[in-house]
Amino acid sequence: MSNHDSPVDPTKMGVGKAIAVLTSGGDAQGMNAAVRATVRVGIYTGAKVYFVHEGYQGLVDGGDNIRQATWESVSMMLQLGGTVIGSARCQDFRSKEGRAKAACNLVKLGITNLCVIGGDGSLTGANEFRNEWSDNHYQSEAKHSSHLNIVGMVGSIDNDFCGTDMTIGTDSALHRIMEVVDAITTTVQSHQRAFILEVMGRHCGYLALVTALACGADWVFIPEMPPDEGWEDHLCRRLTYQRSIGNRLNVIIVAEGALDHHGKPITCDIIKNLVTKKLSFDTRATILGHVQRGGTPSAFDRILGSRMGVEAVMALLEATPDTPACVVSLSGNMAVRLPLMECVQVTKEVTKAMAEGRFEEAVKLRGKSFENNWNTYKLLAHVTAPDVKSNINIAIMNVGAPCAGMNAAVRSAIRIGILQGHSMLAVHDGFDGLAHGAIEPMTWGYVGGWTGKGGSNLGTKRSLPARMIEEISLNIAKFNIHALVIIGGFEAFVGGLELVTAREKYEELCIPLVVIPATVSNNIPGSDFSIGADTALNTITTTCDRIKQSAAGTKRRVFIIETMGGYYSNNNMCGYLATMAGLAAGADAAYIYEEQFGIHDLETNVEHLLEKMKTTVKRGLILRNEKCNANYTTDFIFNLYSEEGKGVFDCRKNVLGHMQQGGTPTPFDRNFGTKMGAKAVLWLTEKLKECYRHGRIFANTPDSACVLVMKKRATIFQPLSDLKEDTDSEHRIPKTQWWLKLRPILKILAKYKISLDTSETATMEHVIKKRGTV
């Protein structure tokens, strides 16, 4: 942590210093975002920044491979997959002589800070390089080069590096995989086929596991957890059962490194032959291969790369000779710094545990996120409902505007409920349906295939319960509802609160209830993320990419794009989408309600664009939340920019509207929805046991009505009544919003000389100790 006695001017932090950035090992989507942020933040701090082309090979060969970067040289990189500066496997760097050459090349240019973006092999190499740096022959050229600072960012589509929640490229690889799964599903369903998909992951099953969760696969094979003896019969039984309950397709996901208990590979062909011979199912196999590395980075990977780039520069400039080489990463939504060699050590321990057959331990060593995914998969994969029923009825409803991922949450909630022995009821059309009795029992098969469907299959409305509380309480009694799951946006939160308030008057409402945040606006108090926001963000980002392409072709053009603050937009002010899309698309400004702006700010923005048009980057992108200011409307801003830019640039405007609510859910929203639905019902099961008194359910304590929130690094159940304090009801936003801290990054990456608060940089955390506590 930077403990500065006097505040440091961030724009002077790097003066006199030089940073080199390289990408190494296998390419991953989002590496370019990391390179771009490293370059721009480096320049912002006053440092010189150099590209090292072709990875470590370029470092060893020197010469033209190490070139100074400029602000413009990283323009238009954000939306490109792969790595623009090239990557190569390098034998020379493995030898001491090769590393000595590399050191010599850096010293000549006065570079003592190195930012490496790559997998664990690349980062281990960097650490070795740093340890040898102080050998005398490295320093003959320069006295002030006595030590080398190294910071790593993990770029690997496999998500195989321990200590980090997500590595750069993983989310984008999941996007590619799910696009293929969705496409194949339609053809397989037409013919009643079984389909086997092999995805990347030689030593790590993350991609296979999340794919299986996100598409509701019948079976997944991963290296960390070989199937039990006799898996062949078990698999055939499960596939047969699925057909018997009316499913037209079977999906099996295989990681390329999948093994059985004897260490023998389990391949697509082995499974295909088994299913074809034993069951005579028409079976198709697809090996995805390098498609997974390709394509444009997802919004998440762009934001991840950009945030890590900022953190990497800060970590380098704050490093001392005693600071261990670190990797920067995200844990939950927080930037963290982790000692590089501790992460490498744990990553190696996983491989060792797998080799020695300690599979349960391997799953634990992979980290909390992997373990949660595995546990949710196991829960949902076993389709035999218990013989003994619980005599509990749980109702599920959607409230507010539709969003992608709602159906995934409904599906997992219903299936987990059935597995717990409960009867699950669907309420159609929100609180209206609860008041009018639009309630029906749900079966296991009814929600098959729901994870990949956008919108709300149950139907959803914005009506609140207060005005029909009498009818609602009568129907809760009539249908004998013992607990309620409400999946939705701000209305779901407010509606939940209204039900809790009405408990005093209506005893029927004294039942446990849980609200699962699902809204594109991401404006539920207490929760950092909502189901649906990731899909909306990707939709906006893709549109911005196309618009930028158009502007780049026309030159001297500025686009003003209006994003949603939410469906009920009379007064929904949340600036999350505008800010995050601004980061992901490389916008010049994003106007939001939470950060008030006036005529001086608008003037500054226009002047900034006039300056920009003098450079080689002759285009602009401005985002505006639809309700950020009643007077400075999109039309006003468009007119202002058009007038002030006369003769220098022209303007166009786009209002994105309801397209932001539609679309197929992203892998994140499918997976998030699935886990949230499952958690909610498991929690209700426990709550119902606590509230069972004298032969009936009675729940009237604050902790029996909760929101399932995602907070920093964990999901927690927070009483609705506790969250009232953190709610700005008039503007329908939480009073504290974590993403506001990312606004300065957006501005710095757009070349504004603003002050960055360096007092709150990430502390170095220990992975080994941290792991022991989870």
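From the backbone N, Cα and C atoms, a Cβ is placed for every residue, glycine too.
Restricting the average to the region 'N-terminal catalytic PFK domain 1' (1-382) gives a pLDDT of 90. Taken from TrEMBL, the feature region 'N-terminal catalytic PFK domain 1' applies to 1-382.
Sequence annotations record features per position, and here TrEMBL assigns domain 'Phosphofructokinase' to 19-315 (among others).
Annotated ATP binding site per TrEMBL: GLY26, ARG89, CYS90, GLY119, ASP120, GLY121, SER122, in sequence order.
Under 8 Å, Cβ to Cβ, and six or more positions away along its own chain, ASP120 (ATP binding site) finds VAL154, SER156, ASP160, PHE161, CYS343, VAL344, THR347. Per TrEMBL, the feature Mg(2+) binding site maps to ASP120.
Cβ-based neighbour count (10 Å, all protein chains) for SER156 (substrate binding site) stands at 26. Residues or ranges marked as substrate binding site by TrEMBL: SER156, ILE157, ASP158, ARG193, MET200, GLY201, ARG202, GLU256, ARG284, HIS290, VAL291, GLN292, ARG293.
Look at TrEMBL and you will find ASP158 tagged as active site, proton acceptor.
Per TrEMBL, the feature region 'C-terminal regulatory PFK domain 2' maps to 393-774.
Residues or ranges marked as domain 'Phosphofructokinase' in TrEMBL: 393-683 (among others).
Per TrEMBL, beta-D-fructose 2,6-bisphosphate binding site is recorded for ARG462, 519-523, ARG557, 564-566, GLU626, ARG652, 658-661, ARG732.
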Give me the non-local Cβ neighbours of ASP158 (substrate binding site): same chain, 6+ apart in sequence, Cβ-Cβ under 8 Å, ordered along the sequence. THR167, THR170, MET200, GLY201, ARG202, HIS203, CYS204, TYR206, LEU207
Taking only the Cα atoms, work out how far SER122 (ATP binding site) lies from HIS658 (beta-D-fructose 2,6-bisphosphate binding site), in Å, as a whole number. 44
If you pair up every Cα among GLY26, ARG89, CYS90, GLY119, ASP120, GLY121, SER122, the residues annotated as binding ATP, what's the maximum separation in angstrom, rounded to an integer? 14
GLN661 (beta-D-fructose 2,6-bisphosphate binding site) versus GLY26 (ATP binding site) - Cα distance in angstrom: 35
Where the record says SER156, ILE157, ASP158, ARG193, MET200, GLY201, ARG202, GLU256, ARG284, HIS290, VAL291, GLN292, ARG293 bind substrate, what is the longest distance in Å from one Cα to another among those residues? 33
Looking only at Cβ atoms, how many others are within 10 Å of the one on ARG202 (substrate binding site)? 12
The rounded CA-CA distance in Å from ARG462 (beta-D-fructose 2,6-bisphosphate binding site) to GLY119 (ATP binding site) is 47
Env. residues of ATP site, Cβ within 8 Å of mean position of GLY26, ARG89, CYS90, GLY119, ASP120, GLY121, SER122 Cβ: SER24, GLY25, GLY118, GLY125
Near the Cβ of GLY121 (ATP binding site), how many other Cβ atoms are there if near means within 10 Å? 14
